[in-house]
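Annotation comment: Swiss-Prot describes 1-199 as region 'DHBP synthase'. For 26, 27, 31, 138, 139, 140, 141, 142, 162, the entry in Swiss-Prot reads D-ribulose 5-phosphate binding site, with the evidence type sequence analysis. Taken from Swiss-Prot, the feature Mg(2+) 1 binding site covers 27. If you look up Swiss-Prot, you'll see 27, 141 marked as Mg(2+) 2 binding site. Annotation comment: Swiss-Prot describes 124, 162 as site 'Essential for DHBP synthase activity', evidence class sequence analysis. Marked as region 'GTP cyclohydrolase II' by Swiss-Prot: 200-397. Annotated GTP binding site per Swiss-Prot: 250, 251, 252, 253, 254, 271, 293, 294, 295, 315, 350, 355, in sequence order, evidence recorded as sequence analysis. Residues or ranges marked as active site, proton acceptor by Swiss-Prot: 327. Sequence annotations record features per position, and here Swiss-Prot assigns active site, nucleophile to 329.
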């Protein structure tokens, strides 16, 4: 149904149009997208004839500043905060509305010699400012267009047009599939574009390294930041992990209540301590401490989930009642940190098969699963049983 991102990039580089779909829980629509650098009157005419939506030009903040393109409104109340600037026509155009003149305006917008005074305002081309970070920060068509342009090595600007059915309704995925077939156009999703970027781009930065003496032994601690969010992660390294043999690794998600306060609701604290002790005994290994509190939902939402558990919901049902998946964690950032440490082959301390699949999806080889089972407590027996029954954890209870 959907094409690979690589296929879409090849078509875009040839000046072709692609269809990009967003999430069904967001706008749930598809846009025609082309590279602004290769725009032609024929492409504009195709978009307005078969797309029927508004032709917009996603650009970076740099373009907007250079051409003095102010926001369309001072107070943006759009539900998705689409960053429209004032609309423009190039001064060489007449009405500015024809396919030829709209293409001219777009071409001149990209001209490095153009100045703000070279454009009349308002006009018939609608620039949109993409957020820095692209779809990794905002999963919109604006950011998708600029990201695709960058991935093609083109000027960071696109041309987009919403796809509307002949009866005036918004085209949804079944309609978009037929459209793609009719015009032999590649169709991709923003979700796949996000995954592609996460897989192919380096998103972590090694910030600081120290020696950390602990109750379990002395470790080499390395602090990491990442470009996706403000979360900071830490890797505790023991011994020489540069040797080619598989390395014992624990990827541990932060649990303030368990790790720090010794909560009996979970087994996180004992798992953390046992992993550190086991790595120390082996004399070589890595404990990666990820700031993914509450399986990714955050501390306050975890406490809200606990409240629901007190009312009879299990850990999975509580997450879902709060509007979250059972497990919101993504292992891409953790995988990049492990790769930065030079690891390729792992002996993974885990009871969670999803964690194995998550890391292997980023080209890390898990050669062995090393169980990390703690004695159950009266207060967490039900929690652990739910992890077995609903999350597939490998525990002997």
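Including glycine, each Cβ sits where the backbone N, Cα and C put it.
All features noted in Swiss-Prot, drawn onto the structure.
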residue : record                                      : DSSP class
31      : D-ribulose 5-phosphate binding site         : strand
124     : site 'Essential for DHBP synthase activity' : strand
139     : D-ribulose 5-phosphate binding site         : coil
162     : D-ribulose 5-phosphate binding site         : strand
250     : GTP binding site                            : strand
327     : active site, proton acceptor                : coil
Problem set entry | Fewest Cβ neighbours within 10 Å, where candidates are the recorded positions 124, 141, 252, 295 | 124
Problem set entry | Per-residue Cβ crowding (10 Å cut-off), top of recorded positions 31, 254, 327 | 31
Problem set entry | Local confidence of the prediction over the region 'DHBP synthase' (1-199), expressed as mean pLDDT | 94
Seminar exercise, completed: Per DSSP (helix/strand/coil reduction), residue 295 (GTP binding site) sits in coil
For this session: Could you state the whole-number distance in Å separating the C-alpha atoms of residue 329 (active site, nucleophile) and residue 295 (GTP binding site)?
Result: 6
For this session: Rounding to the nearest whole angstrom, report the longest C-alpha distance spanning 250, 251, 252, 253, 254, 271, 293, 294, 295, 315, 350, 355, listed for GTP.
Result: 23
For this session: Have a look around residue 329 (active site, nucleophile) and count the other CB atoms within 10 A of its CB, chains all included.
Result: 20
Problem set entry | Candidate recorded positions 124, 254, 327, pick with smallest Cα gap to residue 162 (D-ribulose 5-phosphate binding site) | 124
For this session: Would you kindly give the Cα-Cα distance separating residue 327 (active site, proton acceptor) and residue 250 (GTP binding site), rounded to the nearest Å?
Result: 18
For this session: Sort the recorded positions 124, 252, 293, 327, 350 by C-alpha distance from residue 141 (D-ribulose 5-phosphate binding site) and give me just the closest.
Result: 124
Problem set entry | Secondary structure of residue 350 (GTP binding site) (DSSP, helix/strand/coil) | coil
Exercise. Reported as an integer number of Å, what is the Cα distance between residue 124 (site 'Essential for DHBP synthase activity') and residue 293 (GTP binding site)?
Worked result: 47
For this session: Could you round the CA separation between residue 350 (GTP binding site) and residue 327 (active site, proton acceptor) to a whole angstrom and send it over?
Result: 15
Seminar exercise, completed: For residue 254 (GTP binding site) and residue 31 (D-ribulose 5-phosphate binding site), the CA-to-CA distance in whole Å is 39
Exercise. Near residue 293 (GTP binding site), which recorded positions out of 31, 139, 327 have their CA within 10 Å?
Worked result: none
